[in-house]
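Reviewing the structure listed below.
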Amino acid sequence: MLQGQVIRALGAMSGTSLDGVDAAVVETDGVTIAGFGPSDYRPYSAEEQAVLRAGLGRWPGEPGVDAAAALVQEAHAQVLERFQDVDLVGFHGQTLAHDPAGRGTHQAGSGAWLADRLGLPVVWDFRSSDVRLGGQGAPLAPFFHFACARWIGADAPLAFLNLGGVGNLTWIDPAAPAPEAPGALLAFDTGPANAPINDLMMQRRGQAYDTGGALAATGQVVEGALELFLDEGYFLKIPPKSLDRDDFGLMLDLVRELNDADAAATMTAMAATAVMQGMQFCPSPPAKLLVTGGGRHNPVMIDMLAAGLDCDVAPVEAVGLDGDMLEAQAFAYLAVRVARGLPTSCPGTTGVRAAVGGGEISGTLPGSRRA
Ligand SMILES: Nc1ncnc2c1ncn2[C@@H]1O[C@H](COP(=O)(O)OP(=O)(O)OP(=O)(O)O)[C@@H](O)[C@H]1O
Ligand SMILES: CC(=O)N[C@H]1[C@@H]2OC[C@@H](O2)[C@@H](O)[C@@H]1O[C@H](C)C(=O)O
């Protein structure tokens, strides 16, 4: 690929809440965002979610993984085939297990299979090379957040907060010359966000999530349970740091004796307080906290954050971004960086030893000659 050449990249993300596949187009040269294109979503059915859940915590070769991978690939093909005029695909896959200090990181789904099916070049397996170089392998959206900060014309440090199944925070100095420059970015997973609340809602109410925080709004936060949660060493650990979806299984134990509403309120407070603890690691106070991911639709969680933080808290829509698609867009953007040989993570985002570009490329890149 030529330097400065803007291409149309299509990114796809299947997140830790297991709700479905987000897909979105970004026009970029891998440095600057030239524009945003169409987006689409393909939900997983309840049966499909059960197949994915059966693969959680599992590694390649273990039971349930092949079925989950086949499902992830097929679901992605179905949504990605709806797009036209695409030059390159960025395919994250579905994280089934994440243990950067031990067995590594495992995203189900083969980009080689997808490249064949779509007849397009696919960048995939974004996290493994970062982990091999001593990094956490996550979060990876921060390099895209840096580009977004430039795109919105930010002129002072700001932060992005993703409230997905897990929460992650990116602090950005938009005046830095590049995302990998020392001091440009600090990023890490704040703690569990929606995933454990979803698990509670499914167990107690047979519902996928606490829509609008309606159940939490009727409950009381039980301080004792919240304090026990905050005793976890993770919150004092200096970033970079990352989490697997179910690393905080103890949350459900801590609220086991509580009624449904108090349990939901307390777990919502746990997610929000984890973010507040994380904000203390920002190198300087951000001018604003821009919230993306499904949790921004939960006013109880957002109100707790706004009440506990000194800075403005606003959804990314306030600056013209799409909070339902930011992660899919991130993997479109990162795919172009990989194709151009640019880094996608650095010591400030994942703790990797040096800035590194992660990702395998399957198929022929735009502008390359076929052998
Ligand atoms: N209207 C709503 N009210 C409350 N919560 C909501 C609402 N809409 C979405 N959510 C929450 O957001 C979750 C989906 O968020 P999102 O799509 O950002 O997660 P993800 O991308 O799967 O996770 P991750 O970023 O950890 O990979 C839902 O599972 C639900 O818990
Ligand atoms: C291992 C893994 O898939 N981690 C996800 C997860 O979901 C949110 C948080 O935990 C973040 O670290 C990451 O995803 C986003 C897209 C990231 O890499 O930036």
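Yeah, the Cβs are placed from backbone N, Cα and C, and that goes for glycine too.
Listed features, source TrEMBL:
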- GLY15, THR16, SER17, LEU18, ASP19, GLY20, VAL21, ASP22: ATP binding site (BINDING)
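Positions of the features from TrEMBL, shown on the structure.
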residue : record           : Cβ neighbours (10 Å)
GLY15   : ATP binding site : 23
THR16   : ATP binding site : 21
SER17   : ATP binding site : 21
LEU18   : ATP binding site : 20
ASP19   : ATP binding site : 19
GLY20   : ATP binding site : 18
VAL21   : ATP binding site : 25
ASP22   : ATP binding site : 24
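Checking the binding-site residues GLY20, VAL21, ASP22 against ligand 1, not one has its Cβ under 6 Å from it. Within the set of binding-site residues THR16, VAL21, ASP22, THR16 have a CB atom less than 6 Å from some atom of ligand 2. Within 8 Å of the Cβ centroid of the ATP site, not counting the listed residues GLY15, THR16, SER17, LEU18, ASP19, GLY20, VAL21, ASP22, the chain contributes MET13, SER14, TYR44, GLY164, GLY165.
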